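Encoded as structure tokens, the structure appears first; notes follow it.
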Amino acid sequence: MEALPAQLEGRFVLRYGMTTGHPDLPPSAAPAAPLLEELALEHALVLQTARVTEAAALAASRLVGMGDKNAVDAAGTEAMRRVLNSLDLRATVVIGEGEMDEAPMLYIGETLGSGRHEVDIAVDPVEGTVVTAKGLPNGLAVIAISEQGGLMHAPDCYMDKLVVPPPAAGRVHLDWPVEANLAAIAQSLERRVEDLLIVILDRERHQGLIQRVRGAGARVKLIGDGDVVAGLAVGVRGTGVHALMGSGGAPEGVLTAAALKCLGAEIQGRFLAEDDSQRARFREMGVEEGRVYRTHELAPGKQMAFSATGITDGELLQGVRRFGGGARTHTIVMGYATRVVRFLDSIHLEAEGARVHIRV
């Protein structure tokens, strides 16, 4: 099995044990001036990504439980685009709401902002539009930002995925039998296979996979939507889930890769073509059908910032909580080079001049 590249060996992750120093340098090495500039830029990106997802989550939260997934998506998209246009960046959408002729805003290729720093962005203003519209768990707003070329421009197709936590990174392979991967994950976590909880999208196409996972002795958590948040949960210890398996959207796979790169976890993905037109699209975009892509290939950037803000409550993030005169948001934001993971509990005062009594 192909080993992880040297810069990912022994990576860090929240609550799994942190290392010291920049990920591309030995612990004793002092960062050079260009590297310090990279760190400063990524630090600025990390702080700005939180503003973007908080705005989208706040806007979408007004429509939680109202039953209109299109209205939820439109509200989150408009708010996210507005904040992106206000940033001191020149951002090009590589993963967005669709092609130019399919989406009115945040379409692939759209350029936002007026700053001098050119970056690529992958966005999902409302990950889980259906669950958000129904008031169900795990709706969130997501963005990843990297230098140009730092995020793979993935075709809009399905991707077969395997997501594992940091201790299992480099110890599994998408081509292996399900049972072999479960055994490797269990061994890396010092557990029995029977202790594992595997997340799988509840789709008819996954019935065989579900039976094999259960047949091996592992438990299955079926989700109706939102495999980005499921992948995030695998990368953070304490969420109770230990892997994600099955197929989902390829663009969501790139967003997941950006987050997992920062966390030191791993995603492996294989692009799945449904017909000859998709195969032609693969060739046009340089995507190899059947090849297993790794985290560092889906998100190759050296500067990477990722942010997700909860819209509805979930295992990892709380949803937007509204009170008289404002709202409270819960965000996870992280950077690859800076090696910082933050959980932000933010209070947004909306009523100007009002006497708002906030609570801890």
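Cβ atoms are placed via backbone N, Cα and C, with glycine included.
Here the structure is a predicted model, which means the values were calculated and not measured.
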Which of E204, E252, E266, E274 belongs with D124, E127 in the Mn(2+) 2 site listed by TrEMBL: E252
Among G109, G113, G249 - the residue TrEMBL places in the same substrate site as E127, G128, T129, Y158, R203, E204, R205, D225, G226, D227: G249
Residues near E252 (Mn(2+) 2 binding site) in space but at least six apart in sequence (CB under 8 A): D124, E127, D227, V228
Listed binding-site residues (G226, G249), ranked by Cβ neighbours within 10 Å, top entry: G226
Position of peak Cβ density within 10 Å, selected from the binding-site residues D73, D124, E127: D124
Residue pair G249 (substrate binding site), D73 (Mn(2+) 1 binding site) - Cα distance, angstrom, rounded: 17
Shell list (Mn(2+) 2; ref centroid = CB of D124, E127, E252; cutoff 8 A): G128, V142, G226, D227, V228, G249, P251, L255
